[in-house]
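In Swiss-Prot this protein carries:
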type	residues	note
BINDING	D9, H11, H43	divalent metal cation binding site
BINDING	9-11, 35-36, 57-59, 62-66, 133-136, F140, R143	4-CDP-2-C-methyl-D-erythritol 2-phosphate binding site
SITE	H35	site 'Transition state stabilizer'
SITE	T134	site 'Transition state stabilizer'
Amino acid sequence: MLRVGIGYDVHALVAGRPLILAGIDIPHEKGLLGHSDADVLTHTLMDALLGALALGDLGKHFPDTDERYRGISSMKLLEQVMKLLEERGYAIGNIDCIIAAQRPKLAPYIPQMRENLARALKTDLENVSVKATTTERLGFEGREEGISSQAIVCLVKV
């Protein structure tokens, strides 16, 4: 049996915060605002995984009102989501993610993002796609007010 999920997330860019994507601290003058480390890519992926399992969304499992999650690494939260997936007898078929950001250029970091996500998802690198794009200076991403991300996942029963 196959299950498919889609995820979407947005975080504002602000001064004084790190820019973390797939667990990588990317040098930039601004970072993402959020209760946790605000890793928009990993949040999107977790939302897609939870959706594929019909388990609700990220906020249901890790509410921003819970102090246990303040500043937490989203990669640690992804480990918890993977436990839910494994408990239900599913594994990753493949994932496809896209990040929309005007700056910084993310292409140099994509190989490490893929490796980090593949390791956390307990899957082969060939099952993990991460892409980055600009919005040609259009919208909030283009004005460098925030970064958005989308992901789709295919889960397989094992």
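Backbone N, Cα and C atoms are what each Cβ position is placed from, and that goes for glycine too.
Positions of the features from Swiss-Prot, shown on the structure.
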residue: D9; record: divalent metal cation binding site; contacts (Cβ under 8 Å, 6+ apart): V40, H43, T44, D47, L58, S148, S149
residue: H11; record: divalent metal cation binding site; contacts (Cβ under 8 Å, 6+ apart): L32, L33, G34, A38, V40, H43, G146, I147
residue: H35; record: 4-CDP-2-C-methyl-D-erythritol 2-phosphate binding site; contacts (Cβ under 8 Å, 6+ apart): D64, Y69, R70, G71
residue: P63; record: 4-CDP-2-C-methyl-D-erythritol 2-phosphate binding site; contacts (Cβ under 8 Å, 6+ apart): Y69
residue: D66; record: 4-CDP-2-C-methyl-D-erythritol 2-phosphate binding site; contacts (Cβ under 8 Å, 6+ apart): none
residue: T134; record: site 'Transition state stabilizer'; contacts (Cβ under 8 Å, 6+ apart): A100, A101, Q102, E141, G142
residue: T135; record: 4-CDP-2-C-methyl-D-erythritol 2-phosphate binding site; contacts (Cβ under 8 Å, 6+ apart): A100, Q102, E141, G142
residue: R143; record: 4-CDP-2-C-methyl-D-erythritol 2-phosphate binding site; contacts (Cβ under 8 Å, 6+ apart): Q102, R137
For this session: Could you tell me which of these binding-site residues, H43, L58, has the greatest number of Cβ atoms within 10 Å of its own Cβ?
Result: H43
Exercise. Quick one: what's DSSP say for L58 (4-CDP-2-C-methyl-D-erythritol 2-phosphate binding site), helix, strand or coil?
Worked result: helix
For this session: May I ask you to report the DSSP-based helix, strand or coil state of H35 (4-CDP-2-C-methyl-D-erythritol 2-phosphate binding site)?
Result: coil
Exercise. Given the divalent metal cation site residues D9, H11, H43, which other residues of that chain have a Cβ within 8 Å of the mean position of their Cβ atoms, reported in sequence order?
Worked result: V10, L32, G34, A38, D39, V40, L41, T44, S148, S149
Exercise. Helix, strand or coil at H43 (divalent metal cation binding site), per DSSP?
Worked result: helix
Exercise. Per DSSP, to which secondary structure element type does H11 (divalent metal cation binding site) belong, with helix, strand and coil as the options?
Worked result: strand
